Amino acid sequence: QYSFKEVFGTLVVQKELFDVVAKPLVEDLIRGKNGLLFTYGVTGSGKTHTMTGSPGDGGLLPRCLAMIFNSIGPFQAKRFVFKLDDKNGVDVQSEVEALLERQRREALPIPKTPAGKRQLDPEFADMMDVRDHCRVEEVDEDNVYGVFVSYIEIYNNYIYDLLEEAPLDSIKPKWNSCNTPVRNGDFVPPQSKILREDQNHNMYVTGCTEVEVKSTEEAFEVFWKGQKKRRIANTQLNRESSRSHSVFIIKLAQAPLDADGDNVLQEKEQITLSQLSLVDLAGSERTNRTKAEGSRLREAGNINQSLMTLRTCIEVLRENQLYGTNKMVPYRDSKLTHLFKNYFDGEGKVRMIVCVNPKAEDYEESLQVMRFAEVTQEVEVARPVDRPLCGLTPGRRLRNQAFREELARKLELRGGPVGAGPEEPSAAELFFQSFPPLPPCELLDINDDQTLPKLIEALEQRHKMRQMLAEEFAKNVLAFKTMLQEFDSSVASKENYIQGKLAEKEKTITGQKTELERLEKKIKTLEYKIEILEKTATIYEEDKRNLQQELESKSQKLQRQASDKRRLEARLQGMVAETSLKWEKECERRVAAKQLEMQNKLWVKDEKLKQLKAIVTEPRAERPERPSRERDREKPVPRSVSPSPAPVAPAAPLRPRRSRSAGERWVDHRPPSHVPTETLLQPRVPRAITVDSPSERALARCDRYLLTHQELASDGEIQTKLIKGDVFKTRGGGQAVQFTDIETLKQESPTGRKRRSSPPQPDPAGDAADSEWTDVETRCSVAVEMRAGSALGPGLQHHAQPK
């Protein structure tokens, strides 16, 4: 669901759409404010139909023109009173200058501006039949108005003038089968126009044809002339698809009347120039649906790119307004957005009509269009426009009209002007009418003596009156000659005065012409400098944009590097913490093992010292006399004798303690650094898998684990430890080993240092007694097997003193 200010159905008429959307813009135009109205949608959704209309039902454009001329019709200035310059400004001329301009234009061999009273072209005559005479209320009657129209198109991001007179049909050249223009010597390609900025920071098209029109029919005829040159093509989705954005610009110039309410005030600062732009955007399209190729594909790419730039500008403006940011709006990325930059910056109202085709094939594209159109409603661009104040009393035109009517009425009461009423007879005519009528001159009888005397008398009277008239005429001629002489003398004096004044004026004009030439040269120099500065500014802006892009890319790169650095620091901190914890645990384990080992060594030394102390402190008994063998047989001496060492048995296998069933299997782990010993007793494990490093596969197949570990004992001999453990499965699906006990195998040399319980005696009889006294190491060399975790330490050898 999308929300808009107004939604029109498929059966809505053009008048209803015009009253809601375009009528407020026309009212603002006459009040001196700018406006922009454009249609937006996918290809084939009815944008051109909405703008132009159909026969019998005109669209927005003819209705706007009709409303403008219905409102300002009686207050229009004569042609060429307003004159547009090439800097997007307007000048005002006097009535005499406008008359001379009209005569000069009529003398030039150029096509005349189409007159408003000529017969309309039947192609668009039905579109101009707007029956509802809509007009703006409260039009300032003390102003005079002039309307100028221009028509351009933006094709492949280039601007072309559709009203420009071309020697040939340069807009639509002939194309061959390869979609390239035919090489023709008479073909002149159209010249694209340049966008510039005026002194009020408004964008305009330089060198664009602007035609002054005086009626709705004349304006629409100019539009239709340019519409025929607009680029259209046949695609899979639209038989007459617009391949360019068209812009129809209506400029309204208005200036106040002077204090008398008769002529235009000759002050340029009091002129107000407002503008209404009606834009028919080309539709966005997908090439996989239109099957466009060649030039059509290039056109579609440029159309979609310009529409994408328009969306980007609207989104950046919305973000700047919502979040208070100051991001640069990329107006210059497209001619369309660059032309209407001042509208988006707040120089007028903007209205957009979203055209939607209810076809199912356009569903996704229509959603994109409506989503963008809904976002544009959040952008506010309108701001008030200050109109110049003339300081004159309002109602000047009405007072002037009332004065003219009163003057005409008084002239009628006084007899009216010369030639106004029936001609009065002159004095001579009245005099001739006072003559006596001539008597009848017909003689019917020879004896008639009355007719001739009466005729003679009447003729004599007429002769006398003729003489009197001649004398009066001579007097009048003399008086008239005198008056002529006086008039000639006055005229001569006035001519001399005028000649002197003309000489002074000619000197002034010569000086002014010299000054004008100097100023024109200066203007040309300044224009050249301005052009150079504009080019330099363009280069600097391009450099600035490149540098900003480079700065943004580098800032993004720095941000990425900073984030990578922070992530790496966090990772290193984690690794350091983990390694520190690991080494702390390892150090604690090693310290505990070392402490345990030292405790065991201290315990062994203590045991040895205790045994030595017991041997040293043992009371020395006198050696008894040796009895005879018979006595020995009869009564042996009860004495505690150390047991003789057990005889060395042949090599026998060392079997682990059976704590489980006899069918258990072992993992025999022998590291590669294992050194073979030459002892008779060798560890041999039945049903074992021998490995040099533990593996999950081997542990999974066995129940017990045996690690053969070798280390150097305190006396320099190699002792072998057999560390045993149980294998069990973990909750995660792996195997773990829990050590249960340790067995130790050690080899000692019998030629080691002996320590006897008493010092040796020199007499030979003591040899027999030596067999009764054994050394401490022989008596104490008994291997003890202990469980892991006992108080004596894991697998360390100790010596016990026999009782």
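Positions of Cβ are set from backbone N, Cα and C atoms, glycine also.
Automatic prediction, not curation, is the source of TrEMBL annotations.
So that you can see what the record holds, here are the features copied from TrEMBL:
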type	residues	note
DOMAIN	1-379	domain 'Kinesin motor'
BINDING	Gly41, Val42, Thr43, Gly44, Ser45, Gly46, Lys47, Thr48	ATP binding site
COILED	502-578	coiled coil
REGION	615-681	region 'Disordered'
COMPBIAS	619-637	compositional bias 'Basic and acidic residues'
COMPBIAS	661-671	compositional bias 'Basic and acidic residues'
REGION	744-776	region 'Disordered'
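Just so you know, the Cβ of Gly46 (ATP binding site) picks up 15 other Cβ atoms within 10 Å once every protein chain is counted. The average pLDDT the prediction assigns to the coiled coil (502-578) is 93. The Cβ of Ser45 (ATP binding site) lies under 8 Å from the Cβ of Gly283, Cys355, Val356, Asn357, Asp362, Ser366, each of these being in the same chain and 6 or more residues away along the sequence. Its Cβ taken as reference, Thr48 (ATP binding site) is surrounded by 23 other Cβ atoms within 10 Å in the chains shown.
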